[in-house]
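Here the structure comes first, spelled out in structure tokens, and everything after it is commentary.
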Amino acid sequence: MGDRRFIDFQFQDLNSSLRPRLGNATANNTCIVDDSFKYNLNGAVYSVVFILGLITNSASLFVFCFRMKMRSETAIFITNLALSDLLFVCTLPFKIFYNFNRHWPFGDTLCKISGTAFLTNIYGSMLFLTCISVDRFLAIVYPFRSRTIRTRRNSAIVCAGVWILVLSGGISASLFSTTNVNNATTTCFEGFSKRVWKTYLSKITIFIEVVGFIIPLILNVSCSSVVLRTLRKPATLSQIGTNKKKVLKMITVHMAVFVVCFVPYNSVLFLYALVRSQAITNCLLERFAKIMYPITLCLATLNCCFDPFIYYFTLESFQKSFYINTHIRMESLFKTETPLTPKPSLPAIQEEVSDQTTNNGGELMLESTF
């Protein structure tokens, strides 16, 4: 009898020592995770993204629309990417207020619009980056055969398809983004019930992950790998000359933005959806998912600040326009009463910026694409 009591005591002691390691679980198997740090983190990151993203993407759109006039196929993709970033940035003041005050006073409609803008930007950015990567692949690997495919009309059609796809997914997910009132505090885009996750959101998440992340990731990696392999060929090197370094920089920046901003978020989102729908009931994994989700979410929103680097390294005419406009602004700040040198007229500047190359092989692979 004494041995039995000793064994029961040892078993209870072992069970109590293991319980904290499995997470703070209560008697009804619910896992308690404190993720309240996300509000201050999101508010701070959103504030930075709003300031930098608004300035850089507004300036970029001005250059694309009024200086370059979207004369190349790649410029059309990049213009739509900048537009996606700018639309999302314009909704950030509402999110900043919400995260710092932990209260959403703007109503259910703005909550849905804010959620749609976020999803549209994240997955629209990945798809537009994929379009740029595929366009670069066609221009370098098949410079002559791709002439009939790489047209401004086809680029516009592809962009329209991307917008329809991401808006459909964003609106579908945001239909469940209703505001919830708890203790006189209104929340937005959080607090979904387990039933909603199991019935709807888990399926929507899987669809968005496959179409908006896995397929673009495969295409980006594949196209970039083939382009890098093609650049090693002597025939390609003789065509593009010293611009090989520019192409390498462009691919590096492109893949860096994709990997840093989107891979962590989408990887954690998949785990987060499994946890919230209770497909996985391990408390340790649930804690990991709920802690890492807001962190990777902030990384994903930083793409609005990093995308202008892609604009700069992808379009040589964008670099020219950026340099010319910066030079003019600096001259206007420090100009004297009697100008020492005549300034170029605006038509001349526009002509210089929007100059397009001819259709020979080397120029086709560079200026019209990058």
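Heads up, the Cβ atoms here are built off N, Cα and C, so glycines get one too.
Keep in mind that what you see is a predicted model, and the values were worked out from it rather than measured.
For 1-43 (among others), the entry in Swiss-Prot reads topological domain 'Extracellular', with the evidence type sequence analysis.
Residues annotated as N-linked glycosylation site in Swiss-Prot: Asn15 (among others).
Taken from Swiss-Prot, the feature N-linked glycosylation site covers Asn24 (among others), and the record attributes it to sequence analysis.
Per Swiss-Prot, N-linked glycosylation site is recorded for Asn28 (among others), and the stated evidence type is sequence analysis.
What Swiss-Prot records for 44-64 (among others) is transmembrane segment. Tertiary neighbourhood of the transmembrane segment (44-64): same-chain residues 70, 75, 78-79, 82-83, 85-86, 88-90, 92-93, 95-96, 99, 298, 301-302, 304-305, 307-308, 311, 318, 321-322, 325, selected by CB-CB distance under 8 Å and a gap of 6+ residues from either end.
Annotation comment: Swiss-Prot describes 65-73 (among others) as topological domain 'Cytoplasmic', evidence class sequence analysis.
If one looks beyond the transmembrane segment (74-94) by at least 6 residues along the same chain, the residues whose Cβ comes under 8 Å of a Cβ in the stretch are 46-47, 49-50, 53-54, 57-58, 60-61, 64-65, 68, 104, 106, 110, 113-114, 117-118, 120-121, 124-125, 128-129, 131-132, 135-136, 152, 155-156, 158-159, 162-163, 301, 303-304, 307-308, 310-311, 314-315, 317-318, 368-370. Marked as transmembrane segment by Swiss-Prot: 74-94 (among others).
If you look up Swiss-Prot, you'll see 95-112 (among others) marked as topological domain 'Extracellular'. Within its own chain, the topological domain 'Extracellular' (95-112) is flanked in space by residues 38-40, 42-43, 46-47, 50, 171, 174-175, 177-179, 185-189, which lie at least six positions past its ends and keep a Cβ under 8 Å from the stretch.
Annotation note: Cys111 (disulfide bond) sits in a helical segment as assigned by DSSP. The disulfide bond annotation in Swiss-Prot covers Cys111-Cys188.
If one looks beyond the transmembrane segment (113-133) by at least 6 residues along the same chain, the residues whose Cβ comes under 8 Å of a Cβ in the stretch are 74, 77-78, 80-81, 84-85, 87-88, 90-91, 94-95, 155, 158-159, 162-163, 165-167, 169-171, 173-174, 177, 188-189, 208, 211-213, 215-217, 219-220, 223-224, 254, 257-258, 261-262, 265, 300-301, 303-304, 307, 310, 314. If you look up Swiss-Prot, you'll see 113-133 (among others) marked as transmembrane segment, on the strength of sequence analysis.
What Swiss-Prot lists as topological domain 'Cytoplasmic' is 134-155 (among others), and the listing cites sequence analysis.
For 156-176 (among others), the entry in Swiss-Prot reads transmembrane segment.
Taken from Swiss-Prot, the feature topological domain 'Extracellular' applies to 177-203 (among others), supported by sequence analysis. Note on the topological domain 'Extracellular' (177-203): residues 98, 102-108, 111-112, 114-115, 118, 273-274, 276-279 of its chain, located 6 or more positions outside it, place their CB under 8 angstroms from a CB of the stretch.
Here Swiss-Prot flags Asn183 (among others) as N-linked glycosylation site, drawing on sequence analysis. According to DSSP, Asn183 (N-linked glycosylation site) sits in a coil region rather than a helix or strand. Non-local neighbourhood of Asn183 (N-linked glycosylation site): empty, since no residue in the same chain at least six residues away has a C-beta under 8 Å from its C-beta.
Positions annotated as transmembrane segment by Swiss-Prot: 204-224 (among others). Sequence-remote contacts of a segment are chain residues at least 6 beyond its ends whose Cβ falls under 8 Å from one of its Cβ atoms, and for the transmembrane segment (204-224) they are 119, 122-123, 126-127, 129-130, 133-134, 136-137, 165-166, 169, 172-173, 251, 254-255, 258, 262-263, 266, 269-270, 273.
The topological domain 'Cytoplasmic' annotation in Swiss-Prot covers 225-254 (among others).
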DSSP helix, strand and coil counts for the topological domain 'Extracellular' (177-203)? 10 helix, 6 strand, 11 coil
Per DSSP, the topological domain 'Extracellular' (276-294) contains 13 helix, 0 strand, 6 coil
DSSP puts the residues of the topological domain 'Cytoplasmic' (134-155) at 12 helix, 0 strand, 10 coil
